[in-house]
Amino acid sequence: MSNPIVEMKDVSYTYENKHALDHINFTIQKQAFIGLVGPNGGGKTTLIKLLLGINKLQSGSIHLFGEPIHKFKQWNKIGFVSQKANAFNRGFPATVQEVVSMGLTPKVGYLKFFTKAHKQKIEEAVEQVGMSEYLHENIGDLSGGQQQRVFIARALVSNPALLILDEPTVGVDAENVKKFYDLLHHLNEKQQITLLLVTHDIGTMTHHATDIVCLNKALHFHGNPTEFTRLSEHDLSHFYGHPLNVVTHNH
Amino acid sequence: MIADFFEYEFLQNTLYTGLLIGLIGPLLGTFIVVRRLSLIADALSHVTLAGIAFGLFLEKKYMVTFITPFYAGMGFSVIGSVFVERLRRVYKAYQELAIPIILSGGVGLSVVFISLADGFNTDLYSYLFGSVSAVSRNDFFSILVIAIIVITVLLLFYKELFMLSFDEEHAVVSGIHAKRIHFLFIVLTALVIAASIRIVGVLLVSALMTLPVAASIRIAKGFKQSILFSVIFGEISVIIGLVAGYYFEIPPGGTIVLTSVLILIITILYKRLKLTRLKRKAIA
Ligand SMILES: Nc1ncnc2c1ncn2[C@@H]1O[C@H](COP(=O)(O)OP(=O)(O)OP(=O)(O)O)[C@@H](O)[C@H]1O
Ligand SMILES: [Mg+2]
């Protein structure tokens, strides 16, 4: 396969006193659907923050869309829903439409205004996540799962080539989790969006992802779900540092 | 008595200036409130007082007239805003520490300049609580210029400021120049405070920027509507407050703020009423 979308080489990262990532080598190919799993504190969020340039690279190299990260400028090619996305101020008076519009702000650029076409795009993104009837409601009045979908719409509205989601299904009920995976599936298959999804829901992941990546400080596994399910219990508990029961759902 | 406002020039200046600050105060105030910076406005107003005291001191002791208290206040306010930014960056985990530091610094400086000038008389009182007769034609034109600057910058950077207010980390990741935009914003705040002080006074200027917003976010849907309602409430407060202040010979700062408090109470009651009615409907 040609030109990976993301290429990390020998990346290590240390917080003031905490070693979080250890010599990570990791690539994401175009149109992959990657499930990033690992125990709490395993460094998943840290890895994403490095990819997004929130945390500065300390050692190793990262290439995004073929460019070294310090030269990379096309951030609107990457959509991101953070683990803390719905930790915003609940009293903030912003409608769903206004929140989603933020996804276009950098693309529209300074000193320019939203046009009719932009508004159209915003409405489409909201529709895509099934939130059209709430377009003019305040985001703070929605449920946690609904808010999460609005944040996905915000990430989608700029037509990203890569969508990164950090534990987006926390606090979402089973039925909506299914809808959510259907949506991801659609984005991945029909719109050729590459996905990097952090989740603890390994069982569901094995049904949807093209790759599973297991991270606990070091990268312990990177392969397809079939290989992953073939791993012995012994290997898994080794990655996690404790025994693990993978529940495989039957869809 | 309302007719007086169209008859006397000084009242006209006051009325037009009042309408301007009733617009830009709550307009900027909406951003200030949602960013939880209400107290910073308060701190900056005390720095402005120090500037005014400095201007009055120069005027009284050295007959300096080209730096009027108004301009000195504005200068101090803008410098104070730069300090606020620096301090907020130094104390990342304790951003609210900037407030007592700047506030007490401002009061301290004010006290020094006031005593150096051997005290002032009624003038200072009007700076503290506002006045219906303190705005000159020149002041009005300066404030008009400030208003135009504030509105233009807010229009041009509306979407970035909105994004920054909602979620700073997300804005930064998306490539918004948070530091520069934030700096622009805090300087605007300083300008609006300096512009509002002649009418509402140092002690109550932050109220004009926050109370109408507090009322509006109870009932508005979305950010634009919050701004719209805030401005409407701000203008109502200014108009009623000015007229009442003039009529009862009370500093307008007091009457304007009390009107905003009244509006706030009404919106809270209105929301309650609406909720109980909804509940009754749901039960029926
Ligand atoms: N800002 C920070 N300062 C210091 N240490 C941090 C910081 N953020 C994370 N860490 C540490 O780095 C390690 C990796 O954290 P990270 O948030 O990347 O884990 P994670 O895999 O996302 O965990 P979770 O599943 O709980 O979200 C943890 O040990 C954590 O304590
Ligand atoms: Mg995490």
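Every residue, even glycine, has its Cβ placed from backbone N, Cα and C.
As given in TrEMBL:
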TRANSMEM  B:15-34  transmembrane segment
TRANSMEM  B:39-58  transmembrane segment
TRANSMEM  B:64-85  transmembrane segment
TRANSMEM  B:97-120  transmembrane segment
TRANSMEM  B:140-158  transmembrane segment
TRANSMEM  B:179-197  transmembrane segment
TRANSMEM  B:203-220  transmembrane segment
TRANSMEM  B:227-248  transmembrane segment
TRANSMEM  B:254-270  transmembrane segment
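Each of B:39-58, B:179-197, B:227-248, B:254-270 was scored by its Cβ pairs under 8 Å to the transmembrane segment (B:140-158), and the highest score goes to B:179-197. In this chain, the transmembrane segment (B:254-270) lies close to the transmembrane segment (B:203-220): three or more C-beta pairs between them fall below 8 angstroms, excluding pairs fewer than 6 positions apart.
Among the listed stretches B:97-120, B:179-197, B:203-220, B:227-248, the one sharing the most Cβ pairs under 8 Å with the transmembrane segment (B:39-58) is B:97-120.
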